[in-house]
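S.K.: Annotations per TrEMBL:
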type     : residues  : note
SIGNAL   : 1-19      : signal peptide
DOMAIN   : 81-392    : domain 'Peptidase A1'
ACT_SITE : D99       : active site
DISULFID : C112-C117 : disulfide bond
ACT_SITE : D283      : active site
DISULFID : C318-C355 : disulfide bond
Amino acid sequence: MRITALVTLATAILAFTDASPIARRPHLSGGHSVPLTRNASYKHNTRAQIAKLNKRYPNLQILAGSIGHVPLTDVSPDLEYYGTVSVGTPAQNVKLDFDTGSSDIWFPSSSCTTTACLAHTRFNSAKSTSFQADGRKWSISYGDGSSASGILGSDLVSVGGISVRQTIGLATKESSQFGSSPEDGLFGLGFNTIESVSGVKTFLDNAIAAGSLAQPVVSVFLPSERLFNGQGGEYLFGGIDATKYTGSLTYIPVTQKGYWQILVQDASYNGVSLGQTSQGIVDTGTTLIIVGDAAAASIHKNIPGSVNDPNNGWLVPCSAASSTAKIGFKLGGVTFNVPVADLAYEDLGDGSGNCFSGVQGGQDGLWILGDVFIKNNYCVFSQTASPSIGIAPLAF
């Protein structure tokens, strides 16, 4: 982990923000002199003063926050990506799956004794001097049928060096699906409207409010095994790494806050429109791309040998891994591509030569652009007053 402090126009800022009263007696001809005295209890707070300046002069936009860098581990075969998060004082490290498709931050409590909990690092709140009890109950379930529940608490959560006090879910029960997961829990990056307990603020909410981030963004680089051997993945909290993408970012407005929801204007195959459109979400917590049934059929009819198996969903020949064809998704007027090579996701293992497809159907009305999309396109989740997602093709 590393953290890079950014202070723009440092000299000017310090001059602006040194607001401690100074003993000064101006000479005013014919006026009344008002003596000023230094406040002995004054504590200099550059961040607070810069936030005040930015509010008073919105066009100024001085950056005083930081950038937190979180390295990622790619779970083969690009199944999920997790990073290390520090919680409490002294810090206890947990491995969390960063998920833009949910908003809760949770991990096992030391009081959890289910099989899934015992397979992971459990947070011991009694050993953290900064922990504060909350007592409210929480529970959450996910699209794959997994679930967790427990009680809420509050503690210092540090991500790549960005530290804020954060409400956390301490799991006292986890479903069996989590038992084989390499990560200990989840770090939700969605909007607070889908927090499992109403009124809880997300990590991004709190970090932005505290002025801890240089920019109100989280940028995501998910490296595929095919292109990068799964190495070098990262989340940047508060920053954007322009070396990770080509061209410029296209910002697509969020159409509904909750998930990071946007309009998918079209799907295409090798540049030819398939006449499909839908609302969709960009979701780092979903491995595949999941679209409507008609869109899935339109895509796969272009891939020789594809079949919609009643037990395994859409399958493609594993030989598609050498294909140079592309499927595209039009977002904000720009088409972002996914190589058909990435649709040969994983060998079925039955000797048929078929692979599970990286694109599946069954999601009419709200497509999910998961990791198969994101590992080909750099994504910047921008939580401004008018939130958007910046997207550009990966550089490789």
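Even glycines carry a Cβ here, placed using N, Cα and C.
Annotations in TrEMBL come from automatic prediction, not curation.
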S.K.: C355 (disulfide bond) has how many other Cβ neighbours within 10 Å of its own Cβ?
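M.R.: Its Cβ has 21 other Cβ atoms within 10 Å.
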S.K.: Taking the Cα atoms as reference points, how far is C355 (disulfide bond) from D283 (active site) in Å?
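M.R.: Rounded to a whole number, the Cα-Cα distance is 23 Å.
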S.K.: Just give me the nearest neighbour of D283 (active site) among the recorded positions D99, C112, C117, Cα to Cα.
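M.R.: Its closest listed neighbour, by Cα, is D99.
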S.K.: Across all protein chains in the structure, which of the disulfide-bonded residues C112, C117, C318 has the highest Cβ count within 10 Å?
M.R.: C117
S.K.: At the level of the C-alpha atoms, what whole-angstrom distance separates C112 (disulfide bond) and D99 (active site)?
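M.R.: Each residue's Cα considered, C112 (disulfide bond) and D99 (active site) end up 23 Å apart.
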S.K.: I want to check the contact list for D99 (active site): same chain, sequence separation of six or more, C-beta distance under 8 angstroms. What comes out?
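M.R.: Sequence-distant Cβ neighbours: L186, F187, G188, L189, G190, D283, T284, G285.
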S.K.: Suppose we draw a 10 Å sphere around the Cβ of D283 (active site). How many other Cβ atoms does it contain, all chains included?
M.R.: 26
S.K.: Average pLDDT across the domain 'Peptidase A1' (81-392)?
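M.R.: Reported value for the domain 'Peptidase A1' (81-392) is a mean pLDDT of 98.
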S.K.: Please report the Cα separation of C318 (disulfide bond) and C117 (disulfide bond) in Å, rounded to an integer.
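M.R.: So the Cα of C117 (disulfide bond) lies 36 Å away from that of C318 (disulfide bond).
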